[in-house]
């Protein structure tokens, strides 16, 4: 005997020993094709190991489950509505056989009963393709644990099973459960709706309470995985003890509840997510009320989100805001009246077609218990009943197709389970304006709703405040919620408040939601999309202030014409240019006079021309540096200035030689005069300066560079040289040496004839140049900010003025105002007087 045969043999034995008689017309309706219904009319949360006693539990001994009876009536209503519909299954009567499964305690016996023949036998066969069971399909049960138990049996026979409220993601596995479908979205969508609700209200610090069964464990784990990817942290997770509402708690169970509520009180989290069957929560909420834990937001899973009995604990309104995830509300016309009429609403009780029957088909108190909650059930929009209603219609449409029905008749024939299953997978119809079809996982994509519990009798007790659409995986239509807070403010549930813009997170503890907020320093920014825990440095050409999320381009700073310092220096340069040009004209008109010739003659025109060129180079300091302007700054201007200073130095040396060294070294002086010593010296100095300039340009380059202003980092200074101070020292080193030489020779000639004594003027010019250059280098060694360029230009213009006015100015003064001293006779008399004094 193979494994399959052994399984069937075991099922036959169980069926034979477990069957007991019971009968109630509310549970049975004869018909051409029977549907099996599994509903929790009573609830035993702990279960019973009843197989050890070979005895089926008596469900009527347990707590009545109002919603379960309501769902059973939805199945009865759907069957009777279909039987009265001439367009669907014309000429065919659907029947049903309904069993109370006591939540999880009574699942095996009913499914064996549904699978057996009328004689309660399950024959051993190699092939069950042609096997005919008592029912053609099973609707239910209501929870995932029971559904898996039942599906393991029904899948062996490919007998269609449609559950209306089991949400476990395990049920999507069609290899394990090929005959299982459901008319409710899976746990994946329920959890996603919860998470999107938390994200919408910025709740990232939550508490999770789960029941100790598979439902609580699986959904708690799924929520933990989902929130971890959304930066939502679980402060703690606790398992609630499994308790019956009418059951006395043990001391351990009571202490367990006290401990859990104590942790709720001490936690800073104010959002509590509860995955638990409804009946296990009565003792828990009584303890919450006893300890007066208020101000929380309670998020209910679908198992208790619309439970009317739990809602009847009106004191819960003081605990905070209750939100629940449940199936969308689809009103079914006529159902409320059908439920209120009870069994009498259906057709008269009929005799069974055979003497086969099963147990747990009685519920004496169900109708009265349901009627006591009739108002709340009606106002709540009859939620979930549509899932049962649509499941029955899905089977009916599949039968309609399988039997080849037309508008008036159907071909009644034997229906095998696997044939009906194939047709159910294909159904696609509209029921009360909703499209019903099964996706590849066997689910119907009905919308979910977020409901808020209300205790105002004039309102819907489960008021819809948002909708979740499984196909788009989006939470939409979020409405205003009546928060049980001061001024109706949205409750806060965050371990740490959100950091402000430009603040990085510093983790505190093990939870990513707990952190300190630290400002990003200037020059750094926070990129939330890349790293919220580290501030990134700005690129070199950008800057940021403290606490920024982006950098901005640094302000490029250079001399501009509209600035006051630039205008002032430009006016000085213009004054120097005009005065130098005037001096050139004066010297040209008095070229043959002794003063001009004693000042250097042709050499004066070279100096004045170079000074004019230097003044004309001043504008290249203004505006953004370019290669051409940098070339003028680093080559043309230094060269012009060096030649001018070298002329002064050579002229000083020449005068000293003529009066003091010619008599002592006549031969050397004759060579100096014969071989044009002054011009050779100037040419040598010029070549040396050109070498220095070329070396400097090769070392630093001509391309403009930028550097950050140390006093204001948001400013970038554009200059021609990346190492401005060293370049200035290198470029002016020869000029400083020449100024010292010129000053020395001028000082040596202080006793020369008055007309040749230029010590005062050369000393003034060279001393000013030397002092200003040293001061500029000192200033630049201590400061490298935006003022360097303007100070450098100012010193340059002042040095040019010192030569133009300090050296040539006195000579022009003598030419213009003392013409009698600009004669050969006067100069000869001065030389004779100097010679006589020496003798």
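A Cβ is built for glycine as well, from the same backbone N, Cα and C atoms used for every other residue.
Model, not experiment: these values are computed from the prediction.
Residues or ranges marked as signal peptide in Swiss-Prot: 1-19.
Annotation source Swiss-Prot lists topological domain 'Extracellular' at 20-566 (among others), citing sequence analysis.
For residue 84 (N-linked glycosylation site), other Cβ atoms within 10 Å of its Cβ number 8. DSSP gives residue 84 (N-linked glycosylation site) a coil state; it is part of no helix or strand. Residues or ranges marked as N-linked glycosylation site in Swiss-Prot (evidence: sequence analysis): 84 (among others).
Annotated N-linked glycosylation site per Swiss-Prot: 248 (among others), in sequence order, evidence recorded as sequence analysis. Of all Cβ atoms in the protein chains displayed, 9 besides its own lie within 10 Å of the Cβ of residue 248 (N-linked glycosylation site).
Of all Cβ atoms in the protein chains displayed, 10 besides its own lie within 10 Å of the Cβ of residue 292 (N-linked glycosylation site). According to Swiss-Prot, the N-linked glycosylation site annotation covers 292 (among others).
Look at Swiss-Prot and you will find 312 (among others) tagged as N-linked glycosylation site, backed by sequence analysis. Residue 312 (N-linked glycosylation site) falls within neither a helix nor a strand when secondary structure is assigned with DSSP, and so counts as coil.
Feature annotation from Swiss-Prot assigns N-linked glycosylation site to 368 (among others).
When secondary structure is read from DSSP and collapsed to three states, residue 428 (N-linked glycosylation site) falls in the strand class. As annotated by Swiss-Prot, N-linked glycosylation site applies to 428 (among others).
For residue 487 (N-linked glycosylation site), other Cβ atoms within 10 Å of its Cβ number 5. Residue 487 (N-linked glycosylation site) falls within a helix when secondary structure is assigned with DSSP. Residues or ranges marked as N-linked glycosylation site in Swiss-Prot: 487 (among others).
Non-local neighbourhood of residue 527 (N-linked glycosylation site): 536, 549, each in the same chain, at least six residues away, with C-beta under 8 Å from its C-beta. The annotation N-linked glycosylation site is assigned in Swiss-Prot to 527 (among others) on the grounds of sequence analysis.
Among the features that Swiss-Prot reports, transmembrane segment is placed at 567-587 (among others).
The list of residues near the topological domain 'Cytoplasmic' (588-602) in space but at least 6 beyond its ends in sequence, with Cβ under 8 angstroms from a Cβ of it, reads 647, 651, 755-756, 758, 808, 811, 814-815, 821-824, 826-827. The topological domain 'Cytoplasmic' feature in Swiss-Prot is assigned to 588-602 (among others); the stated evidence is sequence analysis.
Marked as transmembrane segment by Swiss-Prot: 603-623 (among others).
The annotation topological domain 'Extracellular' is assigned in Swiss-Prot to 624-635 (among others) on the grounds of sequence analysis. Over the topological domain 'Extracellular' (624-635), the average per-residue pLDDT in this prediction is 82.
Marked as transmembrane segment by Swiss-Prot: 636-656 (among others).
Per Swiss-Prot, topological domain 'Cytoplasmic' is recorded for 657-681 (among others).
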Candidate with sparsest Cβ neighbourhood (10 Å radius) among 312, 428, the listed glycosylation sites:
428
Against which stretches of its own chain does the transmembrane segment (603-623) lie, if we need a Cβ under 8 Å and a gap of at least six residues from its ends?
558-561, 566, 569-570, 573-574, 576-577, 580-581, 583-584, 587-588, 596, 629, 632-633, 636-637, 640-641, 643-644, 647-648, 650-651, 678, 789, 792-793, 796-797, 800, 803-804, 808
Determine which residues of the chain contact the topological domain 'Extracellular' (624-635) at the Cβ level, with the cut-off under 8 Å and only residues 6 or more beyond its ends counted.
556, 558, 617, 693, 696-697, 700, 702-704, 718-721, 727, 731
How many Å separate the Cα atoms of residue 312 (N-linked glycosylation site) and residue 487 (N-linked glycosylation site)?
26
Among 567-587, 728-748, 761-781, 785-805, which stretch has the most Cβ pairs under 8 Å to the transmembrane segment (636-656)?
728-748
Three-state composition of the topological domain 'Cytoplasmic' (588-602), taking helix and strand from DSSP:
8 helix, 0 strand, 7 coil
Hey, how far is residue 428 (N-linked glycosylation site) from residue 292 (N-linked glycosylation site), Cα to Cα, in Å?
51
Measuring Cα to Cα, how many angstrom lie between residue 487 (N-linked glycosylation site) and residue 84 (N-linked glycosylation site)?
54
